Each structure stands twice: as C-alpha cells, then as structure tokens.
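As written in TrEMBL, here are the features:
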COMPBIAS  1-16  compositional bias 'Polar residues'
DOMAIN    24-97  domain 'K Homology'
DOMAIN    110-183  domain 'K Homology'
DOMAIN    225-298  domain 'K Homology'
REGION    1-25  region 'Disordered'
C-alpha cells in the first residue's frame, strides 16, 4: 500500500504501532434516535447498503426497541479498519447533519451532539492521567468532550457515554483522536460482539450467547443448571412488566440474568386471563425475576387502591 503525501509529511516520530493501527480492526458505537435510525437504513436498506459499499465498513444497528439503557436511542456500530470506520461515520453523520440542517433552515452550521458508547474499561485511556489526554483532545479538536459517569442503576452495564459537541468538522477531529487512542487498546478491539452487547448478555430479545463456552467470555463453568418456570400475570398488568419500550423487562433480565418470555396476546394460562410469563435460568435467577415482576405488578395495584 503506498503512503499518501499526508502520511509522508507527518512529522511525528514513526512509532511501530502507529502505521499498524490504521489497518487494525476497530469499531465505534454511537446513539441515534429512532427517526434518525430510519434515515440511516433507508428505504429497504438502500442507504445502509450504499454506505457500507462506499466505506468498506460494516454498519449494524440495534433492533427496533433495543435502546441504550436509560434512553430511547438505538445504537449504531461501525466496524472495519480505522479508515473505513471514519469514512462510514462521516457518511452517516453527514446525512444526519444535512437533514437536520435542512429542517433548521439557517445558513450557520449548528453545533451538534454525538454520543459515543465506550466501555468503562477504555475510558481511562481517553481521560489520561489527571485528565491530560481528554484536555489535549478538546484543545486539538475544539469540540466539547464529556464522559458520563457509569450508570449503576442498570446491572451489568459496563458502557459509558462520551458526548462530543461541536460542528461536524470539530466532531470528526475529536473522533479521529479518540478512535486512534481506543484502537491502541487491544482489549477494546475484542470487547464487542454486537451493537447492543449489554442487552445480549442479559439474553433480552436479541442474540443469546450459547452457554456451552462458544460465546467467548460467557463460559459454562459459571452456569448453573437452567430450568424454566411459568407464572401468570393478568393481561392488564403485562404492560407494567414490559415497561416503556421494553425497559422494565430489560432491567429485570439484566439484574437477574434470567431470560423472560411473555406469551402472545390471547395466549393465557389455562382457565384464566393471565398471560404466561416464562422465566429461564438458575433457581436463584428465577426467584429474583419472579420477585421483581411481582413488585412491578403490586406497585400498580397499590396505586389503584389509594
């Protein structure tokens, strides 16, 4: 591969890892609203197919209703070499910016917010000793960069949000700096299986890693014998168990590690109008999940009698 003139004139001392990192496989995950996700996918998937072809990167989205915990935003993951990922990201952001820009109708380019999803274990590298790295990134890119604290209300969540604010150019400069830093960290490159890894680890409505050890870090020696218990929840209360956008059921699966399946409308426990809620997991996980489901239902009954 020939060097571009820009690489030849790069006056930084050539470290062996630097040229490697451009080719090293990496990825970036960020949040988009449901509406924005639709415009990235395009009619019949046409836009996402075009962006993948142009950039050479793989672009995946979490499914409809699969949101980052505590938000109603979906996750986009772009993977490939650093160059492919940056190109893919530019194409997506450019499309979203231009659509928003057209709505604004003003000539001044507005400052935008972009929220990256970064594993907590990799945030230290971005922050640097005493905040030195993040400070230098802010000065160099002119973008605002803020890292959210880890949200402990979601059990098993090990990702934080890195918010970039600024113009398109400022955000892209910040992305370049952050991505090259993250790519230096081998753990980061191996750390992700899908755009929604926390949902998957909880077995929520998404890919389940096989407990026989083929799922990488979810090894079977941690698994206890798995059983399934079915409980009934009245039809009117099933919404409380699901929660808005599936949030409650996601929280229960994350906190207990159990898998929960709710029967379709009209599929009741025999002789009742209770929907079937099947809970699969270890004894302990099942008990915890049953307790949490009962709490959700009871809290509504209490409110109704007050």
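Every residue gets a Cβ built from N, Cα and C, even glycine.
In terms of DSSP secondary structure, the domain 'K Homology' (225-298) contains 37 helix, 21 strand, 16 coil. Taken residue by residue, the domain 'K Homology' (24-97) breaks down under DSSP into 37 helix, 21 strand, 16 coil.
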